[in-house]
């Protein structure tokens, strides 16, 4: 009896886990010795009675708001229904939100008066724990034309980390190699190029869960804002605009969708005539696809669909903006490259009897290294449809082109000193200065200007050819990876299957036993001197290449106990793998 009494005294202060998990305990009146004070019949409004320092998602401004919030929760949820809340300490004053240490960008936090989820439930993401204390703010409608600028943040994403990837060692730690030697880094794509490609793929697949954006706009869905600072300025188009990454329901491709707010299109021809931009196919112009109107955001908006280039930055963000992580210095060679590419873009546009109309540092994007494209075309063709003088608009394009080159060349000078006269004080060649003056003269001709920069165009063509050669070489290094993966998949399917444990064909005297020995020969070799496992990537790739090709070279396969030795050629092993895999497929 004394032992039972001791057990009862120990358990009476311990909360019953049935209350925590299920909300009730069916053994409460049948002898359960644990603590049952936490009842599921506790009124719901008591959950909101928190200390003043408790972290909440929407800061209350008065006691009346707390009462109204409690009433709203009472209407939506039954007070008698058990609520699933993680067990927390009774004296905690803040709500802890778990945040992954590897997350590049936090979750999107849009200010809205609409409550879409239980504000008492913490957000769970794998990782460490950090307190979350939002700053007070006034709820606004993010889609109202006069609302304040929103700050968009990317959703929770996990960076791509592969255990076989490792950065190249610094130069002073790299071992000198003979001309006939190589290392693992030389066998695959360059590390910086691979990392950049992975980031681009991650940007393409990025989603925005729990946002207040529309689920779909016309034939596009999964809207994700891609404006880095969500600028809603009307400086470029005369109306606030925003840019989104979307997926098409028609073909599943990803596009960039520009929304121009508060536009009343009175002419149907404005939408139909803008389709002429689809004929402009140029490597330095962002491809236009379609334009349409929609009230998906609750107002009259015009949408323009373009090709999407992940991780693209504008010239201002790359060279001028102080918020840029790394400002790229502007050299004369870089200016000549931009000049040649933008000349190509304007030539392609003017040949279609169209005008770019928008040509500044915010509408020229850098998609890859030193590769620029003209964006934002076709927007003003709808907003200012009545302006039909194409010759005048094309002349303005050339002048804006010259102003852009001057702004890039003199970006280190104060804004008031960036005139044509500032060219004399810049450390650039006289040829470049003459080209900028010609563009700003007001009588410039695009074909004549093309002849002026022809010698510089040859350097740009040479640079692009070298870049193409480099990309082709990287592609060749990765070309056969899929072939080896398919071969490894076959080996994985047929080796160590449980149903083959008692199969005579896989015994030491069976005809398929060499496959087990070959697996050990490739992956399970041991150093005879040190007894340590041999981890040689070149040996694995060489053996798999010979096996896939089925060469006649013979190898010695030895069992782990060194009691069985088999001499077989790669061709015999290749045929044996194909036969075994076909038998497995038929079964």
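Quick reminder: no glycine exception, Cβ is built from N, Cα and C everywhere.
Among the residue ranges 416-454, 455-493, 494-532, the one that TrEMBL annotates as coiled coil is 455-493. DSSP assigns residue 258 (ATP binding site) to a strand segment in the three-state reduction. For the region 'Knob domain' (494-587), the DSSP counts in helix, strand and coil order read 48 helix, 12 strand, 34 coil. Long-range Cβ proximity for residue 310 (ATP binding site), meaning a same-chain Cβ under 8 A and a gap of 6 or more residues, is found for 199, 200, 201, 203, 204. For the recorded site, residue 314 (ATP binding site), the DSSP three-state label reads strand. Annotation note: residue 363 (ATP binding site) sits in a coil segment as assigned by DSSP. Averaged across the region 'Knob domain' (494-587), pLDDT for the predicted model comes to 87. Across the zinc finger (10-39), DSSP classifies residues as 8 helix, 2 strand, 20 coil. Cβ environment of residue 312 (ATP binding site): 365, 366, 367, 373 lie under 8 Å away, each six or more residues apart in the same chain.
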